[in-house]
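Take a look at the structure set out below.
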Amino acid sequence: MAVTITLKTLQQQTFKIRMEPDETVKVLKEKIEAEKGRDAFPVAGQKLIYAGKILSDDVPIRDYRIDEKNFVVVMVTKAKTSPGTSVPSEASPTATPESSTSFPSAPASGMSHPPPTAREDKSPSEESAPTTSPESVSGSVPSSGSGGREEDAASTLVTGSEYETMLTEIMSMGYERERVVAALRASYNNPHRAVEYLLTGIPGSPEPEHGSVQESQVSEQPSTEAGENPLEFLRDQPQFQNMRQVIQQNPALLPALLQQLGQENPQLLQQISRHQEQFIQMLNEPPGELVDISDVEGEVGAIGEEAPQMNYIQVTPQEKEAIERLKALGFPESLVIQAYFACEKNENLAANFLLSQNFDDE
């Protein structure tokens with residue numbers, strides 16, 4: 001039975017595509033290209049995001065269990081056509097999705113990226129960068145081709161009320177507000193760049209001095225051999241196994257669990273952010289025996305550590321009032337809290353989520 005996929009772009013354009021459940025994500029991309037045009041939506045440049053996850057080309061649509069009431073975000077990355085030697089380096093991230101594996105070097109090179117006021121003066125010297133170290137430049141997107149980025153910013157820059165709308169829109173992909181704000185800041189409020197940074201890593205750590213030493217120690221150790229999964233050590237940890245099973249049962253809980261992990265073990269969260277593809281692949285591995293979310297909440301903070309800790313969620317008075325209003329709809333407190341934090345403390349989204357879950361159960 002055919003399903004209708006609702007798609008939304010970063011410019012708030014919404015359209016629908018009819019798909020057979022057996023058809024793959026690649027077919028969906030081809031249909032998007034056919035409907036919207038190869039110039040605007042080339043298959044090779046499309047990234048489809050649902051519930052904070054990038055959809056893989058060879059996976060059937062039915063495997064992602066896309067709710068027709070929700071939407072899939074379409075992000076298009078285009079090769080820059082600006083003259084000069086910066087063209088090959090700008091085209092490489094879009095032509096080869098695997099280029100994200102070179103991003104562990106991005107924090108080191110990204111820390112020297114020019115401030116906003118110096119963009120125009122820096123562009124000539126920036127264009128010569130690929131001749132010295134093309135590998136690091138392709139990994140550190142903002143430090144190359146700043147002229148091309150200014151063109152992007154001129155056409156897609158968001159400010160004022162549009163900024164808040166865009167912020168909410170990107171958060172709906174499953175990212176924390178703080179990370180979205182940081183990505184928008186690093187991209188000079190260019191939403192395309194911001195989403196790209198969230199997917200591949202935000203260049204330039206907000207804590208360059210004391211944070212860079214710890215990050216280099218974390219990243220150097222696992223990346224000594226090419227092709228090795230730096231997150232392999234998580235596979236044998238029961239806390240991660242339980243977390244994986246819960247996420248597969250309800251992908252909407254991933255942002256809340258990652259937020260909790262960031263509070264308990266920020267270094268591990270940084271490492272996961274640098275290796276999102278491997279982490280998502282591990283999350284998508286076949287689960288074992290099903291577990292309950294209540295068994296996982298207290299274990300998330302213990303991932304990467306030897307012993308679990310007790311974890312408590314702190315809420316403000318306003319957040320408590322929002323939770324009470326959601327409970328008044330007739331849902332149990334435990335389910336309300338899960339939905340509220342899974343929806344990044346957005347009361348309306350949480351209410352819609354709870355109502356849709358209730359409808360599905362009936």
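Start at 1 and count along the chain as shown; that gives each residue its number.
Glycine is treated like the rest: Cβ placed from N, Cα and C.
Note that the structure is a prediction, hence the values are computed from the model and not measured.
Annotated in Swiss-Prot:
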DOMAIN    1-81  domain 'Ubiquitin-like'
REGION    80-160  region 'Disordered'
COMPBIAS  88-109  compositional bias 'Low complexity'
CROSSLNK  Lys122  ubiquitin cross-link
MOD_RES   Ser123  phosphoserine
COMPBIAS  126-144  compositional bias 'Low complexity'
MOD_RES   Ser128  phosphoserine
MOD_RES   Ser133  phosphoserine
MOD_RES   Ser136  phosphoserine
MOD_RES   Ser138  phosphoserine
DOMAIN    161-201  domain 'UBA 1'
REGION    201-227  region 'Disordered'
MOD_RES   Ser205  phosphoserine
MOD_RES   Ser294  phosphoserine
DOMAIN    317-357  domain 'UBA 2'
MOD_RES   Ser356  phosphoserine
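Shown for the domain 'Ubiquitin-like' (1-81): DSSP residue counts in helix, strand and coil, namely 19 helix, 27 strand, 35 coil. Across the domain 'UBA 2' (317-357), DSSP assigns 32 helix, 0 strand, 9 coil. Helix, strand and coil residue tallies for the domain 'UBA 1' (161-201), in that order: 31 helix, 0 strand, 10 coil [DSSP].
Mean pLDDT across the domain 'Ubiquitin-like' (1-81) comes to 87 in this model.
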